[in-house]
Each structure stands twice: as structure tokens, then as C-alpha cells.
Amino acid sequence: MARKSKLPLLLVPLLLCQALVRCSSPLPLVLNTWPFKNATEAAWRALASGGSALDAVESGCAMCETEQCGGSVGFGGSPDELGETTLDAMIMEGTTMDVGAVGDLRRIKNAIGVARKVLEHTTHTLLVGESATKFAESMGFVNEDLSTSASQALHSDWLARNCQPNYWRNVVPDPSKYCGPYKPLGILKQDIPIHKETEDNRGHDTIGMVVIHKTGRIAAGTSTNGIKFKIHGRVGDSPVPGAGAYADDTAGAAAATGEGDILMRFLPSYQAVEYMRGGEDPTIACQKVISRIQKYFPEFFGAVICANVTGSYGAACNKLSTFTQFSFMVYNSEKNQPTEEKVDCI
């Protein structure tokens with residue numbers, strides 16, 4: 001009896017590709033939150049010039065820091081309640097799982113650059129505050145004022161509006177009517193109203209970026225100046241691995257943007273990557289993450305971008321009356337330019 005020929009399993013996809021003629025991979029891939037086109041281009045240029053996925057993430061986020069994307073990245077934006085602009089950033093390498101991050105970074109413009117120095121020159125993951133600034137100076141970064149006339153004007157206007165909105169609660173004087181300094185609300189003073197956050201959804205436009213190199217190596221990163229009028233010393237989700245962004249060469253990568261104080265409680269980027277590891281499509285993975293948060297905070301402002309190891313990507317956002325679509329940027333080998341795409345919120 002004649003023996004049946006058995007083709008190696010790995011050869012079958014190749015033959016199928018040849019039969020279909022077109023078999024190009026979508027890699028490399030650059031994916032980032034919001035329509036920050038120049039950041040996407042900067043990351044792609046880094047790849048085109050022979051750079052790594054990590055190089056591309058750093059270049060893309062650095063471009064946004066320089067251009068002050070949306071007023072919510074880089075210097076001169078989102079003054080805290082003392083009028084100071086501080087920065088958060090993170091960069092993660094999905095092959096080694098190495099991470100470098102900075103939070104509440106002061107007087108240093110290139111936050112993503114400092115984050116990479118943390119990754120490359122320390123065994124730590126996150127440095128914060130004045131100590132992060134001292135580290136940056138030791139790495140050669142220039143100490144300079146991050147405030148601008150625009151950020152100073154924002155702060156002055158906020159003070160004139162009795163410090164509204166702010167992020168205090170259960171304190172006296174009533175934070176919904178007055179500026180601080182505040183003290184804890186005593187047990188016998190519960191008749192004083194508890195302040196609720198009233199800030200609109202603008203100003204949360206963190207750049208989150210995912211890059212997959214043509215070799216399959218993955219990196220992700222974030223950069224932001226946080227939320228306007230935050231309490232001095234506040235650190236958001238952006239520099240927290242698994243919250244702001246997450247990368248793993250064996251599964252994919254994700255990045256989040258929005259209300260960091262809520263997002264970080266759910267580690268959305270990590271969770272999205274784990275969904276993709278389990279076989280979920282990137283869009284479904286992003287949607288599942290948003291749905292998990294909706295159960296507890298139905299009115300939260302946030303979005304997530306996701307990409308798996310094949311270069312397939314997706315995004316999702318939480319639908320609000322003032323936020324029904326989320327825009328993000330894509331650049332891969334099948335496109336000849338950075339392309340803005342939109343997804344309807346759920």
C-alpha cells in the first residue's frame with residue numbers, strides 16, 4: 001500500500017501564502033493612543049533607521065513630550081494644586097520584562113528618557129519625586145522649570161475659582177467651596193458636605209504606545225503630566241507596570257489612557273495582555289477590560305489599545321455623553337503613513 005505523503009505542519013501556512021500570493025506580515029507595528037501623529041511618525045522613523053522596539057517607544061513618547069501633546073504630555077501643562085507641573089513616564093521591554101519608570105518627576109523635561117535610564121542603569125522599576133530628579137541629573141539630564149505662562153495662568157484661574165475642581169474629600173473646610181489647607185473631617189462633623197469630583201474628561205490624554213519590531217520583539221511605554229490641579233505628590237497609572245502599559249513578547253502589549261486613579265486599580269494593560277494570551281482578539285481583550293471597570297465605575301473616563309504578537313490590534317473605550325468615540329494612531333508595514341482610526345465606545 002502506498003504511503004501517504006505528510007507535509008511538515010510549518011510548511012502548510014507557507015504554501016497557503018504562496019497560493020494566495022499576498023502574504024505580507026503587518027509587522028512592524030506602531031500603535032498609540034489619541035491622534036498624536038508626529039509621535040507615531042517618530043517611532044516609525046526609529047524603526048526604519050534600525051532602532052529597537054524600545055528605541056521606537058522612547059522616540060515616540062519623547063516627541064509628544066517636546067510637542068506637549070494635547071497639553072497633557074510634557075512640560076507646561078496640568079499644574080498641580082501648588083502650580084507645579086510634574087511628569088510620569090514608563091517604558092517596558094517585552095523580551096526581558098524589564099521596566100523603567102518615573103513618577104512625580106520634577107524639573108526634568110524628558111521623562112521617558114529618564115525612565116529608560118532607570119531601566120538600563122538600575123535594578124529598580126520606579127523612582128519618584130525629588131529623588132527621581134536627582135537621579136536624572138546624575139544621568140546628564142538638565143534641571144529646568146517645567147512651568148509656562150499658560151500653566152501659570154491655569155493655576156491662577158483655578159485659585160480665583162476657589163480651587164474648583166479639586167481631589168479632596170472628607171476634609172474641612174468644605175473642598176467644594178473653599179481652597180485649603182485642609183484637615184481631616186472629624187467624626188462629629190459629618191454634616192459638612194463631602195466633595196465630589198467635578199472635573200470634565202479633558203486633560204487625561206496620556207500618550208500610551210505599543211511597538212512590535214519586525215523580529216517580534218515588543219515594547220510599550222507612556223508619558224503624561226497627569227491631571228490638572230492634582231494634589232501635590234500624586235502619581236497616576238502611567239508609570240505603573242500593568243496599569244499604564246504592559247508588554248510581553250509571548251502574548252502582546254497594551255496601554256491605557258484616562259482617569260488614572262481608577263484605571264490603576266484594575267491593571268487594565270496587564271489584564272488585556274492576559275486576555276490575548278488566552279486567545280482573545282485584541283479588540284475583544286480591550287472591551288473586556290473596559291467592561292470589568294464599568295461594573296464598579298460606570299462613569300469613568302478611559303480607553304485601552306491592544307496588539308497581539310501577530311500585529312493584530314484593537315481598542316475600546318467607556319461611553320459617556322461627552323465621549324462616544326476614541327481616536328488612536330496606527331502605522332504598520334501595510335500602511336504607507338500614520339493612520340488615525342476610531343472606535344465607538346461601549
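Quick reminder: no glycine exception, Cβ is built from N, Cα and C everywhere.
Bond annotation: of C306, C345, only C345 is listed by Swiss-Prot as forming a disulfide with C317. Counting every protein chain shown, 19 other Cβ atoms lie within 10 Å of the Cβ of C163 (disulfide bond). Maximum intra-site Cα distance, substrate binding residues R234, V235, G236, D237, T257, G258, E259, G260: 16 Å. Among the recorded positions listed (C163, C286, N308), C286 has its Cα nearest to the Cα of D237 (substrate binding site).
Secondary structure from DSSP puts N308 (N-linked glycosylation site) in a beta strand. Cβ packing within 10 Å was compared across the recorded positions V235, C286, C317, and the lowest neighbour count falls to V235. Annotation: T206 carries the greatest number of neighbouring Cβ atoms among the recorded positions N38, T206 [cut-off 10 Å, Cβ to Cβ].
If you draw a 10 Å sphere around the CB of E259 (substrate binding site), it holds 22 other CB atoms from the protein chains shown.
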